[in-house]
Amino acid sequence: MSVRPRVLIHGASGRMGQVLLRLAAGRDDLHVVAAVSGRAPKQRVVDGVPYFGASELGGVPEFDVAIDFSLPEGFDVLLATCVKRKAALVSGTTGLDDGQRAALYAAAATIPVLWASNFSLGVAVLQDLVARAAALLPGWDCDIVESHHTRKVDAPSGTALTLGEAAAGQGADPHYASIRAGDIVGEHLVQFTGIGERVELVHRATNRDIFAGGALHVATRLPGRAPGRHTIADLLVSALA
Ligand SMILES: NC(=O)c1ccc[n+]([C@@H]2O[C@H](COP(=O)([O-])OP(=O)(O)OC[C@H]3O[C@@H](n4cnc5c(N)ncnc54)[C@H](OP(=O)(O)O)[C@@H]3O)[C@@H](O)[C@H]2O)c1
């Protein structure tokens, strides 16, 4: 592996992909060698980065780590390519089905992988707070309300499900509600309701840079690590705390 990891951005034409490419261009601790979208792009090289369509994935240059913010439709081929190339995978794609999750975990036997429903430091802290609140408030109702822009395809959001798992792990029984409105980047409210009182824990993302910055940070640290399922807490929270 090169000291400065060679990075493939998967989902490059999307909202997240565009932010990843912009932020990556300003960093000297990694090097984007390929940008991949679903459809083959009209422009083949942009700012020195070669662009590819999903059907051309087999022909991309060598890379050390793929950063994937795309759609579940493209996940299987990307995962197989990472395994074949012995490259690490950082994925934030939500809405993966059970078979795709199983394939990701199986791939972790041979490559380092990190999937997270949310790459922001604030949500990592929120997850911890939710688990603690659930443990301290047995028997209280637990409701998770998530709000996103109208073009988000999956619901409840991956982050809401991750927060729900944190609560359920401490005995809560979370229920979910989803709002799709305007251009909301991402908001998550976790409320615990008892008789006569309510605790509300909330995170509001106002800018996609927080997710992209977290994913790029992780991508500089994952290549060269042992194969396995790495966590956002290991690679993001401990580094920034
Ligand atoms: N974990 C986190 O922190 C976090 C934060 C934000 C978003 N997300 C998730 O990240 C994903 C992307 O979000 P977004 O808002 O950027 O979506 P988006 O704007 O719809 O972009 C989707 C991207 O995926 C590409 N794509 C579609 N089908 C593909 C295929 N078969 N193979 C390869 N690429 C394909 C699209 O290419 P074309 O334009 O050519 O179709 C586009 O580049 C979603 O799952 C979202 O929930 C996660």
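Cβ coordinates are placed from backbone N, Cα and C, and glycine is handled just like the others.
Since we're looking at a predicted model, the values are computed, not measured.
Features of the protein shown, as given by TrEMBL:
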- His148: active site, proton donor/acceptor (ACT_SITE)
- Lys152: active site, proton donor (ACT_SITE)
- Gly11, Ala12, Ser13, Gly14, Arg15, Met16, Gly92, Thr93, Thr94, Ala116, Ser117, Asn118, Phe119: NAD(+) binding site (BINDING)
- Arg39: NADP(+) binding site (BINDING)
- His149, Gly158, Thr159: (S)-2,3,4,5-tetrahydrodipicolinate binding site (BINDING)
- 6-119: domain 'Dihydrodipicolinate reductase N-terminal' (DOMAIN)
- 122-236: domain 'Dihydrodipicolinate reductase C-terminal' (DOMAIN)
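Positions of TrEMBL features highlighted on the structure.
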residue	record	contacts (Cβ under 8 Å, 6+ apart)
Arg15	NAD(+) binding site	Arg208
Arg39	NADP(+) binding site	Ser13, Gly53, Ala54
Gly92	NAD(+) binding site	Met16, Asp68, Phe69, Trp115, Ala116, Ser117, Asn118, Phe119, Phe211, Ala215
Thr94	NAD(+) binding site	Ser117, Asp154, Ser157, Gly158, Thr159
His148	active site, proton donor/acceptor	Ser157, Ser178, Ile179, Arg180, Ile184, Val185, Gly186, Glu187
His149	(S)-2,3,4,5-tetrahydrodipicolinate binding site	Arg180, Ala181, Gly182, Asp183, Ile184, Val185
Lys152	active site, proton donor	Arg180
For the domain 'Dihydrodipicolinate reductase C-terminal' (122-236), the number of residues DSSP places in helix, strand and coil: 44 helix, 32 strand, 39 coil
Where the C-beta lies under 6 angstroms from ligand 1, the matching binding-site residues among Thr94, Phe119, His149: Thr94, Phe119
Greatest inter-residue Cα distance in Å for the NAD(+)-binding set Gly11, Ala12, Ser13, Gly14, Arg15, Met16, Gly92, Thr93, Thr94, Ala116, Ser117, Asn118, Phe119: 20
Residues in the domain 'Dihydrodipicolinate reductase N-terminal' (6-119) grouped by DSSP into helix, strand and remaining coil: 41 helix, 31 strand, 42 coil
Nonlocal residues around Gly11 (NAD(+) binding site), in sequence order (Cβ under 8 Å, 6 or more apart): Gly17, Val36, Ser37, Asp68, Phe69, Ser70, Leu71, Gly74, Thr93
(S)-2,3,4,5-tetrahydrodipicolinate site, defined by His149, Gly158, Thr159: further same-chain residues with Cβ within 8 Å of the Cβ centre: Thr94, Ser117, Asn118, Glu146, His148, Lys152, Asp154, Ser157, Ala160, Gly186
CB contacts for Ser13 (NAD(+) binding site) [other CB atoms within 10 A, all chains]: 17
